[in-house]
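For reference, Swiss-Prot has these:
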{"type": "CROSSLNK", "residues": "K85", "note": "SUMO2 cross-link"}
{"type": "REGION", "residues": "87-106", "note": "region 'Disordered'"}
{"type": "CROSSLNK", "residues": "K88", "note": "SUMO2 cross-link"}
{"type": "CROSSLNK", "residues": "K146", "note": "SUMO2 cross-link"}
{"type": "CROSSLNK", "residues": "K163", "note": "SUMO2 cross-link"}
{"type": "REGION", "residues": "191-212", "note": "region 'Disordered'"}
{"type": "COMPBIAS", "residues": "194-208", "note": "compositional bias 'Polar residues'"}
{"type": "CROSSLNK", "residues": "K222", "note": "SUMO2 cross-link"}
{"type": "ZN_FING", "residues": "262-296", "note": "zinc finger"}
{"type": "ZN_FING", "residues": "308-348", "note": "zinc finger"}
{"type": "ZN_FING", "residues": "355-390", "note": "zinc finger"}
{"type": "ZN_FING", "residues": "401-428", "note": "zinc finger"}
{"type": "CROSSLNK", "residues": "K440", "note": "SUMO2 cross-link"}
{"type": "CROSSLNK", "residues": "K452", "note": "SUMO2 cross-link"}
{"type": "CROSSLNK", "residues": "K459", "note": "SUMO2 cross-link"}
{"type": "CROSSLNK", "residues": "K549", "note": "SUMO2 cross-link"}
Amino acid sequence: MDKCSVGGLELTEQTPALLGNMAMATSLMDIGDSFGHPACPLVSRSRNSPVEDDDDVVFIESIQPPSVSAPAIADQRNFILASSKNEKPQGNYSVIPPPSRDLASQKGNISETIVIDDEEDIETNGGAEKNSSCFIEWGLPGTKNKTKDLDFSTSSLSRSKTKTGVRPFNPGRMNVAGDLFQNGEFATHHSPDSWISQSASFPRNQKQPGVDSLSPVALLRKQNFQPTAQQQLTNPAKITCANCKKPLQKGQTAYQRKGSAHLFCCTTCLSSFSHKRTQNTRSVICKKFASTKKADVVLPVESSRSFQEFCSTSCVSPCENNRNLKKGVFNKSRCTICSKLAEIRHEVSVNNVTHKLCSNHCFNKYRLANGLIMNCCEHCGEYMPSKSTGNNILVIGGQQKRFCCQSCINEYKQMMETKSKKLTASENRKRNAVREENEKQFCGLSSTLLKKIDGITEKKEKTSELHLSVECGTDTLLIKENVNLPPSSASAIADTFQEQLEEKNFEDSIVPVVLSADPGTWPRILNIKQRDTLVENVPPQVRNFNFPKDNTGRKFSETYYTRILPNGEKTTRSWLLYSTSKDSVFCLYCRLFGEGKNQLKNENGCKDWQHLSHILSKHEESEMHINNSVKYSKLKSDLKKNKAIDAAERRLYENEKNDGALLLYT
């Protein structure tokens with residue numbers, strides 16, 4: 001029996017009977033002769049590390065094994081087709097199929113199943129890919145390698161990647177003659193990406209460069225499939241199902257509804273996602289449920305990025321009204337001057353303390369109290385940004401007063417004229433009353449003097465006729481003393497009495513008003529005239545004085561008269577007075593207009609030198625001090641106006657008097 005050894009294969013004359021096909025044996029013999037030496041095996045075996053599977057969509061074909069009627073197969077002389085599970089072919093790999101006559105019966109028994117495998121890395125050694133071996137053994141009865149049943153492995157057949165009706169490219173399948181075989185017939189290669197599903201793309205199995213295969217398949221023409229540049233640059237992004245949020249694996253079929261951007265893993269998720277129950281939202285005002293499909297009214301919430309939903313426009317109006325009320329309450333604040341809760345129009349920051357003023361009137365009071373020099377109209381108090389805005393200046397009593405417009409000047413003039421008329425009428429009435437009283441007193445005094453003079457003359461005539469006697473010596477002496485007054489001196493006596501009376505009245509009005517500059521000597525309660533004189537004539541501050549020390553060794557210093565502002569500017573505290581008699585300090589504004597038992601406004605003053613700086617800073621920022629300073633400034637301005645009016649009246653009176661004298665002489 002002739003034997004031909006090809007690598008690990010032994011071919012005998014009985015081999016055709018075993019295979020049942022002489023043509024297949026002949027072709028195998030030719031392939032064996034082409035190598036020429038047993039050292040060149042038919043199939044290369046590699047015992048290196050395995051190569052993991054791809055995570056492709058694998059289409060598994062369930063094929064019934066063909067029935068072979070040869071007696072050799074009945075005697076368990078079988079043809080074995082084995083393939084490793086971890087097989088990765090290099091280039092165009094080949095699988096020897098059953099005879100063509102059996103393939104026709106297999107087409108009707110093919111079923112399709114989608115399997116998703118996990119992707120594993122390919123282990124390499126020295127840059128060369130290591131492949132598992134796929135070999136064919138044919139043995140005779142009684143030999144070392146026994147025959148086995150025909151084994152169609154699912155893992156080996158799954159690599160064929162065939163699908164009925166789609167006709168994808170099936171790399172490496174060939175017939176015995178060496179031609180490419182596809183789906184049971186001879187066909188040419190299709191595009192390498194024609195088998196990829198629409199939902200995902202998979203990397204192709206390519207042969208690593210530099211690795212040579214010793215299999216007969218390596219002698220065939222090889223096709224290297226290179227991925228495109230776009231596939232090399234872009235990395236696959238993680239995509240999840242829109243319904244169940246499960247990640248879609250590589251190669252998994254995804255479902256998408258037309259016109260929608262959502263992807264789903266299965267039809268169940270697709271149908272359940274489209275029929276989800278709409279979320280109901282509760283209206284903010286009426287607390288009714290409103291479906292999100294309806295055209296709800298959505299408004300943003302203040303001071304946040306959230307939104308509020310309303311069932312209709314009727315619920316929006318009460319919400320807006322509440323917002324407006326809250327805005328109005330928040331915008332209102334308490335005025336520093338009048339202490340009213342109103343809308344603030346002016347804000348003044350002094351020493352990092354913001355004073356809020358509700359109106360122009362309160363602003364003018366605050367401005368006068370703190371000595372703020374601003375461009376404001378004297379009549380309406382409107383602020384003028386620059387001095388060049390208004391050229392309406394009125395000079396009254398040597399002082400320039402600015403106005404915003406001509407109408408304010410006219411109104412101010414009318415107001416001053418009415419005040420002057422009222423003052424002149426009252427002054428005339430007062431003067432007339434004083435004159436009448438003086439005339440009455442003078443008339444009464446003159447009548448009494450005349451009566452005395454008449455009685456004296458009558459007595460003189462009687463005494464001239466009588467003789468002198470001792471009994472009436474005293475009477476005659478008295479009469480002589482009275483008679484010694486000349487009758488022409490009556491008018492002089494009346495004039496001197498009038499002068500003395502006027503001086504007495506003047507002293508009565510002046511003596512209690514005159515006060516010393518020491519606030520410690522002032523009475524506890526000041527009357528109106530005393531307060532006016534102190535406002536007109538401000539007491540001087542004590543300087544260049546040797547201030548005494550107290551028990552702790554502390555004393556008053558002139559540095560307390562100066563206040564340092566936050567910007568470094570220095571201002572004088574003109575309201576702070578030092579009493580040498582009581583060794584204490586007083587607040588002039590609070591001493592004149594204040595009430596209560598504050599240290600700086602009572603009759604004893606403040607002498608806490610250790611905490612004086614803190615007391616002064618706290619006191620000058622208090623509301624009581626600011627109000628008293630406003631009253632002081634207002635009274636001072638009123639007294640100046642009255643003086644100006646009195647001076648004008650005197651000038652008018654003198655002019656009228658001079659005019660009357662001139663008329664008399666003409």
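Cβ coordinates are placed from backbone N, Cα and C, and glycine is handled just like the others.
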Review point. Hey, how far is K440 (SUMO2 cross-link) from K549 (SUMO2 cross-link), Cα to Cα, in Å?
Key: 61
Check your understanding: For K549 (SUMO2 cross-link), what is the tally of other C-beta atoms lying within 10 angstroms of its C-beta?
Key -> 12
Check your understanding: According to DSSP, does K549 (SUMO2 cross-link) fall in a helix, a strand, or coil?
Key -> strand
Practice item. Tally every other Cβ atom lying within 10 Å of the Cβ atom of K440 (SUMO2 cross-link). Key: 10
Practice item. Find the average pLDDT over the zinc finger (308-348) in the predicted model and report it. Key: 71
